[in-house]
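Going by TrEMBL, these are the annotated features:
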type	residues	note
ACT_SITE	68	active site, nucleophile
ACT_SITE	70	active site, proton donor
């Protein structure tokens, strides 16, 4: 479902400023749970989110946008929705929270959480898939990037069985995610293949860019958890989205309210 139009009053639009420091792209708006409120360009007071973009992205749109999936492209955590069917959601959510704060090794925590799914029938995957909602503004952000000639990819610490159909519906072909092991129609409580962890996310961002011939300076990554940190650092612009404090502090820019299309404002795409 599409989000309501993003209201951008005069003064909240990004502007181009060319001075001795070179081209810079500025985007700003006042934080407000209900949306955006007018703010003059020079009214940079407490409570105003601002992003200063310098270099290639100040002069050209992104050639590649890569997003995390859980709690970024979508509003939920896949593993928690699956765990709900096993009656262990609270236990799994606590481990997920610690992993996303960077307190636990991601691969080890994933194995611990997936183990709780052992014995579930494979049909629960479809039930979970049907319950998932895109984050507000996701469709608008993807459309804005494509309208300016960019490509979109997904790199997920979730599962291909759920992420794949989401990507297909959005016409996204660049996708990497973990795969659940299923034997005789039953989840075994294990994954198969390489784990998409923090290092893998950086690797696939760089691999996508190389395949597409997009320079690193024109790549953008968006994520919310500690396993996104290397991916965000490797991109030309790393954006934290409703993120854990460690991620918001490390990212180049941070969106603190649930509108993914705010990233398009950072980038001058809308």
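Glycine too: its Cβ is placed from the backbone N, Cα and C atoms.
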Practice item. Could you tally the C-beta atoms, other than its own, that fall within 10 angstroms of the C-beta of residue 68 (active site, nucleophile)? Key: 25
Check your understanding: In sequence order, which same-chain residues at least six apart have a C-beta under 8 angstroms from residue 70 (active site, proton donor)?
Key -> 76, 77, 78, 79, 156, 157, 158, 225
**Study point:** Structural state of the residue listed as 'active site, proton donor', classified by DSSP into three states
**Key:** helix
